[in-house]
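Reviewing the structure listed below.
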Amino acid sequence: MELVCPAGTPAALRAAVDAGAHCVYCGFADDTNARNFPGLNFSRAELDSAVDYAHARGAKVLVAINTFPTAGNEGLWRSAVADAEAAGADAVILADPGLLAHAAEHHPDLRRHLSVQAAAANPDAINFYASAFGVRRVVLPRVLSVDEIAAINREIDVETEVFVFGGLCVMAEGRCSLSSYATGRSPNMNGVCSPPEHVDYSQEGGDSVARLGGFTIHRTHKGAAAPYPTLCKGCFTSEDKTGHVFEDAVSLDASALVPRLVNAGVTALKIEGRQRSRAYVAQIVRAFRAVTDALDAGRAPPALALARLSEGQAATTGAYAKTWR
Amino acid sequence: MQRDGKDLRIPVILSVPMQILPLWPVSAALDLLARSLLRAHPEILRRIDKYQNHHFVLDITDLPFILQLDPARAGLRAFRRGAAPAGDARIAGTFAAFLAMLHGVEDGDTLYFSGALQIEGDTSAVLALRNALDDAELDLSAEIASALPALSAPLRAALAPLERLTGLHLRRPAQEVY
Amino acid sequence: MDLTVAPNPFFWNADTVRSFYSTLACAPVARVVLGELVCSKRLPFWQGEIPQAIDNLQAGGKQVALTSLALITLKRERKQMAELPGLGLPVEVNDLSALHHIAPGVPFWVGPMVNVYNESTLRWLVRRGATRVCLPPELPMRSVAILANIAQGEGVALEVWGHGRLPLAISGRCYHARLHDRAKDSCQFVCDTDPDGRDVDTLDGQRFLVVNGVQTLSQAYACMADHVGQLREMGVAALRLQPQSVGFAAICADYARLLADEICADRLADNLRAAHPQMQLCDGFGRGQAGASWRGRAAPA
């Protein structure tokens, strides 16, 4: 079982490797990856050193180039693929069909993983990406139950990777323009959802208010901090109902489901969080490494107490339990 | 698991005398510290990128003064509470919370979600600064020692009992404890 | 430039569907995409109307295509998808997995739910057999211009979202069921009570989104009237209009008059407002701004 861990900075990458990551994923500091936040991500030189650091310790590095190239600017995404290969990356994580076709043609020896941003949610989609672009692994979208994942694995020949911890998209990934509708910056094109430069916190008549692009996403009474205004975790009103229409302020914790995911034929477990600190990365990686080590040794995995690190400090098993829908 | 950063406060017995100290030596020492730190870690400015010219207010709530960081000019100044100029972005929390974040003992988002840190103003700038400092793997006591070598020996002697007394991580743990 | 009617994304009963498409048969539109886009559970309630609707539309001179679902996960849905290409009409792909069931070289259309953002992806789809592509609504005009140029070179018809609540997201979770404290599997088809989606407003009363089962759309109606001249110059082949429960025939007529230069964009917008006093308009995506904005101004608070 392979643990695929996030790194937003070289320091976080070293922390992940030191904490026992089998594999670390990261991206370049531009529109080419889906965590394009200020102060994050890697320069070309940083990626070179990071790959050396990881390889020296037996860990792999995957480079996420998982946004959709914008018309007229494909060169930026193509050079990212070429530079990842030059740095010695073990694979690139791609979503766009045009970029996948380019990588398959011009970088045939560079392993290609299908990003969750491609939202390949059934065996037909996965088999299609495998045959059309030689994709070797698919990161499954967070809309599937464990039983559905098992059924998918019975019908495909490529590896599957699933999210087990961290932020949770409630929409099919790569197919959501909510943030773009409110702010004009697109998760698909600019790699940033609910971008911080469109976030506004204010105090109004005893309430803390968080807005995104001028739309009120949270309003909490004094004393409580308004959470970061991630659009799909916001509090809204629909007719007589007021509440979290799309999803509560929770994040995914599927640590208890790892044995079932292993039985479902999953190859790799993915931890979300390239925007989080090296302290977070190290804590989560260490905890999950204890789980995979126990399973590899045929022991019962330890129960993890990670809720404190979660967004909103509450966790869900998301779509893995069918009732979530 | 570490104790929550927010639970730790500088004891009143230490913070009260600070209120009557003149501020200029504090500011002068802080300026030296910032200059030395940014020289030793040029990647911090690169990561802060377009927010270099922003003014960051660092409100360490258990200190009697407020700090203002001006990355582009490597400036770090102390102001009396009530006399601090408004910045572009403000981060507030206890000294313990700031140190825990700086030293990679606690995750900045976790401190924020739990209310131990509060942010206001330009959220992008705060994120850029937070991420830049996280990547720099700073050790505040080492930075102080190298910026203010005259203070180094007495500081080290003073820090050990202070750390024991307050539970603050004034140094980055050698073996990072997660 | 002509008009394409998008598949109706909402859940309407069989009678409503029947009268909608029989009226549409006389509307000044060139083609209609039919079928269930959002939720396969709805289909049994109205699929009996599809053959008659096809006949009526074809008799009215319209070209008709059948859409795939926007998100295919269940076995039943895959099976339906596998049968779609055998029905003798062009298939509009709104989930790329549909391509698994369309043999290479068989022509197909591509709907706005497929991520066509750049030249390579457009070319790749054309090589695979795409003959008509409707771009995702969030594309700015500068992208549309580049892709329209490629489309002309490749001999493929390009469409742009012209009118209607913007399809912003699709999910595994049903928000209608969630608002009624039900799970998706026991939804009791509650989305049928909201023929244009259920309003979701901010806590400050800003009109924001609507939910439609597993789909989330904008509450404002996109209206690309201001961009028609530009789109025509680029060589865009069609504007796409999304069905709505009230006044759709008049909307089709007005857009047809706009394309024929019989009315201007201001007049079209005025007509929309007069017929639908509650309707908010938006066109920000085309301008590279927040999608919710209209003519460069942020959505009203």
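In case you wondered, yes, glycine gets a Cβ from its N, Cα and C as well.
Taken from TrEMBL, the feature [4Fe-4S] cluster binding site covers A:CYS169, A:CYS176, A:CYS193, A:CYS232.
Overlay of TrEMBL annotations on the structure.
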{"residue": "A:CYS169", "record": "[4Fe-4S] cluster binding site", "CB count, 10 Å": "26"}
{"residue": "A:CYS176", "record": "[4Fe-4S] cluster binding site", "CB count, 10 Å": "26"}
{"residue": "A:CYS193", "record": "[4Fe-4S] cluster binding site", "CB count, 10 Å": "26"}
{"residue": "A:CYS232", "record": "[4Fe-4S] cluster binding site", "CB count, 10 Å": "21"}
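A distance below 8 A between C-beta atoms marks A:CYS176 as the binding-site residues from A:CYS169, A:CYS176, A:CYS193 lying next to chain C. In the three-state DSSP reading, A:CYS193 ([4Fe-4S] cluster binding site) counts as coil. Under DSSP, A:CYS176 ([4Fe-4S] cluster binding site) is assigned to coil, being neither helix nor strand in the three-state scheme.
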